[in-house]
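Taken straight from TrEMBL:
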- 1-22: compositional bias 'Basic and acidic residues' (COMPBIAS)
- 1-53: region 'Disordered' (REGION)
- 42-52: compositional bias 'Low complexity' (COMPBIAS)
- 74-260: domain 'Reticulon' (DOMAIN)
- 105-125: transmembrane segment (TRANSMEM)
- 179-209: transmembrane segment (TRANSMEM)
Amino acid sequence: MAEHHEKKEESLLDKIADKIHGGDGSSSSSSDSDHDDHPKKSSSPASPSSMKSKIKRLFGREQPVHKVLGGGKPADVFLWRNKKISGGVLGGATAAWVLFELLEYHLLTLVCHALILALAVLFLWSNASTFINKTPPRIPQVHLPEDPVLQFAAALRNEINRGLATLREVASGRDLKKFLAIIAGLWVLSIVGSWCNFLTLFYIVFVLLHTVPVFYEKYEDKVDALGEKAWIEIKKQWAVFDAKVLSKIPKGPLKDKKKA
């Protein structure tokens, strides 16, 4: 009986010790879990900003769409920062296209008729003001500022020079890919030009500038992801075309001599 009583006391002491150690273990386990929670938090899914940085932008774009379009008032108009101004510009372009294309009104005729009407109204108003005892119309002095005209001319000159340099580089036979891309682009443009005249083509481009950038800015992540997949597929098809067609084209004697 004494031995049995001693065994009970030992088992009771063991249980107490286990409980004490269990509490320590729970605290240590909770601290370990706290320590383990931090790496889990660090291994949580990436934030939207980090996901955006991983997406490859179209054409290697690194700046926002607004800066790509120039970052000034034209970019604000194209991206509909002010809906009244953007809608007015698009509505004016639509009215001009309807007037000149559908109604077949000519630009020179429109300018002359507008000037005739304006000069007649101002002339009659100026002469009639003395008879009806009213102040004559205040005709503002309109003049073109020099700096914006020079800036526009310089920007246009730079773009023309860049285009001429690109055509010269392509014509020199240094880049076959760029040559084929420009030939394909000019061919598509010639087909579009056969469908419509220059005014309609200009209007289509103008409408695209007012719709495509704002649509792309709103859904740029989805569009960039699809563009990346399309670019990978284009690279695969180009590799096949290069292996089956371009690699079999005989090289000129000048290139062989240079390699020799």
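Cβ coordinates are placed from backbone N, Cα and C, and glycine is handled just like the others.
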Long-range Cβ neighbours of the transmembrane segment (179-209) (under 8 Å; 6 or more residues past either end): 78, 90, 93-94, 97, 100-101, 166-167, 170, 173
Integer mean pLDDT for the domain 'Reticulon' (74-260): 83
